[in-house]
Amino acid sequence: IENALFGMGNPLLDIIAVVDTIFLEKYGLKENDQILAEEKHKELFDEMVKKYKVEYHAGGSTLNSIKVAQWMIQMPHKAATFFGCIGKDHFGGILKEKAEEVHVDAYYYEQSEEPTGTCAACITGDNRSLVANLAAANCYKKDKHLDLEENWKLVQKAKVFYIAGFFLTVSEESILKVAKHACENNKLFCLNLSAPFISQYFMQPLMRIMPYVDILFGNETEAAAFAKEQGFETKGIEEIAKKTQELSKENKKRQRVVVFTQGKEGTVMAKGGKVEVFPVVKMNPSEIVDTNGAGDAFVGGFLSELVQDKSLDQCIYAGHYAANVIIRRAGCTFPEKPDFH
């Protein structure tokens, strides 16, 4: 059904290039990380474009996941809705166009104070270091967009909600409003830990949202950072998943499910006090083009089945399938049709 899946987050144009380690060192980047751009990264974007062969792809973690979910669902078009903020500029135009191409029903808050956000994806081998310059994405306003009647109607239409943790740095009040709506109406609210820095520097807002989270996603690095900040006293990912699953929850009708991916290692799922591990699709490392967007794609595949009321096991298989498709291609892009059964 149309608009059954709802996503809200930072729409960014990805600027992707294969770089060298000297470039990473120059800007103080780790080879596999996600950070927000600081003053010292201002030149990075220009240098990348001048020095390396760059590709531009529509990105932003939540938008990637929503697009992959729509691609997996195929019909109807506009099964997925997306909200975010862009600038009135060329890059904003590209983002609008790319969402339309893949039939996502995107509604942007457009403003002219800040340009459309960008994300530099610095690829070295199997690794990707992401530097996000949020710009316009950071200007999303609850009262200027989410609260408007015609927009809120789309929230009411949805039955599954997904927001990346990245959006906690932008509009906690927007997330809370959506999370509470889901809770009060026994709908599914899903959140992603997104990056170690979210747990390190935004733990308070994260924990204000956590009671409303029905499904929590993350990867092994993010899980470890979360556990450390929570004082879990364990480094084992299965134990971390179990402890996270047991954190207090508002809607008692649904138990929280925690899903942690670990790259080529198995995906861990904690639910109802049990922890299971699901192996990922084996592939030859030479087939990997870049892992940028793999985590987003996993979530997209997962959500595409979740919104169709499939079992959680099936959701994980779909996630693994989508991630496997995306890592064979540059950026978070996909062929015309999926062949997932």
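Keep in mind that glycine also has a Cβ here, set from the backbone N, Cα and C atoms.
Note that TrEMBL annotation is computational and uncurated.
Now, the feature entries from TrEMBL:
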| type | residues | note |
| --- | --- | --- |
| ACT_SITE | Asp296 | active site, proton acceptor |
| DOMAIN | 24-335 | domain 'Carbohydrate kinase PfkB' |
**Q.** Number of other Cβ atoms within 10 Å of the Cβ of Asp296 (active site, proton acceptor) across all protein chains
**A.** 27
Q.
Averaging the per-residue pLDDT over the domain 'Carbohydrate kinase PfkB' (24-335), what integer do you get?
A. 94
